[in-house]
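Asker: Here it is, the structure in full.
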Amino acid sequence: MGVYFGNYCYVMIIVLVLGAEVRSQSLKNGYYSTSCPKAESIVRSTVESHFDSDPTISPGLLRLHFHDCFVQGCDGSVLIKGKSAEQAALASTGLRGFEVIDDAKARLESVCPGVVSCADILALAARDAVDLSSGPSWTVPTGRKDGRISLASKASNLPSPLDSVAVQRQKFQAKGLDTHDLVTLLGAHTIGQTDCQFFRYRLYNFTVTGNSDPTISPSFLTQLKTLCPPNGDGSKRVALDIGSPSNFDVSFFKNLRDGNGILESDQRLWSDSETNDVVKKYASTIRGLLGFRFDNEFGKAMIKMSSIDIKSDVDGEVRKICSQVN
């Protein structure tokens with residue numbers, strides 16, 4: 001996402017896929033119920049305050065959590081500042097929402113110093129951001145520890161808008177996430193945004209002859225060319241779900257069905273037989289159960305993703321300031 005989620009099972013599982021370990025045995029629901037009873041409500045009120053002034057902070061927080069989990073696990077390493085830290089990676093271009101996490105952390109430190117990890121704040125904030133955008137809510141298992149290492153060089157495994165479905169599948173499988181999780185988590189693009197520079201080639205330069213991507217519907221192609229002219233500002237932001245950009249719903253999947261996907265990597269989900277079946281399920285009014293199926297399965301996929309490579313007391317800590325290790 002710059003667009004990713006970008007430009008996301010249950011708690012007591014251990015999954016080992018392609019050498020990537022999902023360790024969630026240290027997580028549990030209500031982890032702070034005794035040590036910091038108001039932890040989740042403080043995070044919620046902080047996110048809500050920022051959301052009220054800028055609703056577009058929701059996809060920012062969701063993408064921030066996604067990036068955190070895909071690079072060295074859900075350990076808050078994406079929040080660490082530094083010239084060679086994850087934030088400096090090209091794939092991290094456009095990441096936002098750091099001020100929300102910092103704000104929540106400051107409030108928590110004043111009430112429960114040294115108790116609530118930045119990684120947990122990020123996981124909770126992502127859930128609250130979806131909920132505030134008319135999406136589902138789910139119980140977030142907590143107990144993550146913050147990592148001590150953040151390297152831009154480790155961000156090369158993040159999904160790209162140029163990825164084929166096979167490459168996307170490989171990247172997700174390396175994190176213990178299957179094809180169903182892949183499609184479900186990419187559904188977060190229903191409230192996402194991207195820059196013209198990440199898809200303009202589809203409009204004017206998709207082939208050597210300069211034609212447009214044939215998978216884009218003609219009417220939508222005209223609309224996109226108006227939004228992103230050939231010599232226009234490449235950093236101009238465009239909603240990934242133009243129909244309902246601020247609502248977390250299934251219109252993203254209907255867009256793919258109708259040839260109205262903005263990112264090539266998203267639209268390709270419709271042309272692959274395995275991912276197509278999942279997209280159809282969510283896009284269908286009957287099979288999708290009026291959107292309830294996606295809401296339910298998105299929460300499950302988020303719990304699974306937010307359990308990737310959890311740090312323990314041995315290899316982690318609870319940072320006092322989220323942007324720097326203790």
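Even glycines carry a Cβ here, placed using N, Cα and C.
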Asker: C36 has a disulfide partner in TrEMBL; which of C9, C69, C74, C112 is it?
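Answerer: Among C9, C69, C74, C112, the record in TrEMBL lists C112 as the disulfide partner of C36.
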Asker: At the Cα level, what's the spacing in Å between C322 (disulfide bond) and C228 (disulfide bond), rounded?
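Answerer: So the alpha carbons of C322 (disulfide bond) and C228 (disulfide bond) sit roughly 37 Å from each other.
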Asker: Please identify, among the recorded positions C36, E86, T190, C228, the one with the smallest Cα-Cα distance to P159 (substrate binding site).
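Answerer: Going through C36, E86, T190, C228 one by one, the closest to P159 (substrate binding site) is E86.
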Asker: Hey, for the Ca(2+) 1 site built from D68, V71, G73, D75, S77, E86, who else sits with CB inside 8 A of the CB center?
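Answerer: The surrounding set, listed in chain order, is H67, C69, F70, Q72, C74, G76, V78, G147, S150, K154.
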Asker: Could you check which of the recorded positions H67, D68, S77, T190, D249 is the closest Cα neighbour of C228 (disulfide bond)?
Answerer: T190
Asker: Considering only the recorded positions C69, C112, D241, which fall within 10 Å of D75 (Ca(2+) 1 binding site) when distances are taken between Cα atoms?
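Answerer: Within 10 Å of D75 (Ca(2+) 1 binding site): C69.
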